[in-house]
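A quick write-up on the structure given underneath.
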Amino acid sequence: MEMLDLAFMQRALLAAVLVGITAPAVGIYLVQRRQALMGDGIGHVAMTGVGLGFLLNSSPVWMATLVAVVGSVGMELIRAYGKTRGDLALALLFYGGMAGGVLLINLSPTGSNANLSSYLFGSLSTVSEADITAIGILAAFVVLVTVGLRRQLFAVSQDEEFARVTGLPVRALNLLIAVTAAVTVTVAMRVVGLLLVSALMVVPVAAAQQLSKSFRATFVLAVVTGITVTLAGTVTSYYQDVPPGATIVLYAIGVFVLLTLLATPLAKRRARAAEAGAESCDAPVPATRRPSDDVKV
Amino acid sequence: MAAPTPEREPVISVRGATAALGARPVLRGVDLTVRRGEVVALLGANGSGKSTAVRSVIGQVPLTGGTIELFGTDRKRFRDWARVGYVPQRTTAASGVPATIREVVSSGRLSRRRFGWLTKADKAAVERAIDLVGLADRAKDSVSALSGGQHQRVLIARALASEPELLIMDEPMAGVDLASQEILASTLREQVAGGTSVLLVLHELGPLEPLIDRAVVLRDGCVVHDGPPPEALGQHALPGHDHVHPHAAGEPLRTGLLT
């Protein structure tokens, strides 16, 4: 355990835990809305922010946050208002963001492709004191939103139309989810990299679903999975010379496979129990009608 | 108790409503009134505008003309959504992440307690709503494990969780097996006996028929009938009634009022 004495390892582990908590906490709402790949899109857009940060000689983390927030708000507005060709608009945004990042970073005097790749694939060992401060503040915001507003975000992600009729500020909550997702992307950027960030938002949630029946259990299990794989990946990358981001994602997929295998006998048992308890739904949707419709009940 | 008295104040009042989806006019001057304690069925063929009418009442479709009042307040200024229970037209109550029946029904309580913790009273209301639709023993089960009819029962329980005075339901009987239809009918009967007003879109009257005080029939965005519910099959006097006889050879069995 001598790695805990190394300052850069302390920072790396702290960053990893924060990402392990925040990525699935936001990802669960994206998966619930069937927007599992939104994180990937934001990651592409955040590239331009990283490039800008290098070019303007300011912190790439904060610049990426700013650009990712603007981009995700744009995506949400396209989703909400652009009824037609929304997918094309999103594609333009994604690839524009990616290309912008590459261009800007090459224009900047301090930036290079090596620098870029530390943001694309993560670079835990170069996480600085200032990075940790930024990641900590951003992670606190994400946890506050995703846990504090879970009832409201659950309702909006479950059934937007119904949520509107309960009087919830649906537009504001949708924007909040988008902004929180953008913030999470930049939190996770230094650990798993922009290209793999979405995996950490989605895969722990997918893994948790294999066992869970409730939203609450899915949330808790996804966060536990997130923390476990980020810590395991970071430690592995210390002992074996492997890239932490890729290791973390592969661990997450490993957990998914493991839980799926565990869930199969469980699902069978549940199906059997349901069969025993079934009384009335012999006919699925739509049921057959009675022969004459004018029967009074 | 549920008998309609014309003098009672309206809970829904739609006057000359027009609406369009894209360039196509869907509502062309619809008048619709639901008075306190009344059960009104909105009937019509596919594309007649009945869903659009209901969705404009709850503010999901903007009107191009006319007015809508809820409990005497202009809909645009209406904020008291806890008084309205809404059942959208859905075939499923599930989403991309597992959720239990209790979790889904609890979100119906948001109109009473928008932010902050759910109190004991809130939780009791959620349990009551689940019990009303006969799913009390399954409250902890995932909604994805339910049948089509049970999904619909969850959606109705979610609307009942806010203990509304007015229920608005869009095709609550679509794709529901007979057993669930009976349960839904008895749930609704209890609500109506307790003084709840109901506006529901239906394709056919079915087991709900005895509950319905008045039927409004739409065709091509216009009201063509507003009065006592037309009796199902056998009564052909309905204006615009292009009924297909169920026994006609080669025709699929149709049981709707206006098929």
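Glycine is no exception: its Cβ is also placed from the backbone N, Cα and C atoms.
Per TrEMBL, the features are as follows:
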REGION    A:277-297  region 'Disordered'
TRANSMEM  A:12-30  transmembrane segment
TRANSMEM  A:88-107  transmembrane segment
TRANSMEM  A:127-149  transmembrane segment
TRANSMEM  A:161-181  transmembrane segment
TRANSMEM  A:187-207  transmembrane segment
TRANSMEM  A:219-239  transmembrane segment
TRANSMEM  A:245-263  transmembrane segment
Per the Cβ filter (under 8 Å) with a sequence gap of at least 6 from its ends, the transmembrane segment (A:245-263) is approached by 16, 121-122, 191-193, 196, 199-200, 203-204, 206-208, 210-211, 225-226, 228-230, 232-234, 236-237
Where among A:127-149, A:161-181, A:187-207, A:219-239 do we find the most Cβ pairs under 8 Å to the transmembrane segment (A:12-30)?
-> A:219-239
Sort out for me which stretch, of A:88-107, A:127-149, A:161-181, A:219-239, has the most Cβ pairs below 8 angstroms to the transmembrane segment (A:187-207).
-> A:219-239
Cβ contacts the transmembrane segment (A:127-149)/the transmembrane segment (A:161-181), at least three under 8 Å, sequence gap 6 or more | yes
Same-chain residues at least 6 beyond the ends of the transmembrane segment (A:219-239) with a Cβ under 8 Å from one of its Cβ atoms are 3, 9, 12-13, 16-17, 19-21, 23-25, 27-28, 124, 150, 191-192, 200, 204-205, 207-208, 211-212, 245, 247-252, 255
Against which stretches of its own chain does the transmembrane segment (A:161-181) lie, if we need a Cβ under 8 Å and a gap of at least six residues from its ends?
-> 26, 29-30, 33, 38-39, 42, 69, 72-73, 75-76, 80, 141-142, 145-146, 149, 152-153, 155, 201
